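Below is one structure, written out as structure tokens, with a few remarks after it.
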């Protein structure tokens, strides 16, 4: 081939464009777009259950820890952190129901020690003193006397059942009325209300029926008034009279039941 063709400058060709190379520093750096999840308000309307719902981490773990605390003994140690002076002060308050300030005394430190200790003491007192009372009643007759073990079963079922279930029932009743309530404080109140029944049980051993009924009425009035008057200061409701009458009647019924079953 002729050298004239090969050495022909390309810049003279028709339509040729000279290459222009420019070096520019591009400051743009591509970034991945961040996904900003919208925070939606809780859907509490008629269409509840539709749309997006945000899930918070740790909800399942917190729920599990909550249920584990219910069945853990260490969760209840704070309700037994009482000393002798504090318990004696609350016992004396149960014998003076007219003040109605028991909830203010236990507000900072409600305890379950009184509930368990007083209830257990009352069970053993009724079982032993009740059998002793029947022995004294039958000592004048020629009939033989035998220790009635059923007194222990009846005393345990009646006392523990009353001390646990009755406050629980009032707790749900008051919460149903839309009033804030504390189950621990209710258990504490009803537990200390049984202390007067422990004292009256020792007096019911006297084999005089008129005196026994007098002691029973006095104990029932004191114990029932202690519960009712303290509930009056704790519960603020239009249906307060129903709560007071029900608590007074149940407390008096327990006292009469003790007299009829263990000291008849």
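Going from the start of the chain as shown, residues are counted 1 onward.
Using N, Cα and C of the backbone, Cβ positions are placed for all residues, glycine too.
Pulled from TrEMBL, these are the features on record:
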COMPBIAS  33-47  compositional bias 'Polar residues'
DOMAIN    96-257  domain 'Yip1'
REGION    22-61  region 'Disordered'
TRANSMEM  112-137  transmembrane segment
TRANSMEM  149-174  transmembrane segment
TRANSMEM  186-204  transmembrane segment
TRANSMEM  210-229  transmembrane segment
TRANSMEM  241-262  transmembrane segment
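Same-chain neighbours of the transmembrane segment (112-137): 76, 79-80, 82, 87, 90-91, 145, 147-148, 151-152, 155-156, 159-160, 163, 184, 187-188, 190-192, 194-195, 197-198, 201-202, 204-205, 207, 258, 261-263, counting only residues six or more beyond its ends whose CB sits under 8 Å from a CB of the stretch.
Residues 115, 119, 122-124, 126-127, 130-131, 181, 183, 186-187, 189-191, 194, 231, 235, 237, 243, 246-247, 250, 254, 257-258, 261-262 of the same chain, all 6+ positions outside the transmembrane segment (149-174), place their C-beta atoms under 8 angstroms from a C-beta of that stretch. Summed and averaged per residue, pLDDT over the domain 'Yip1' (96-257) gives 91.
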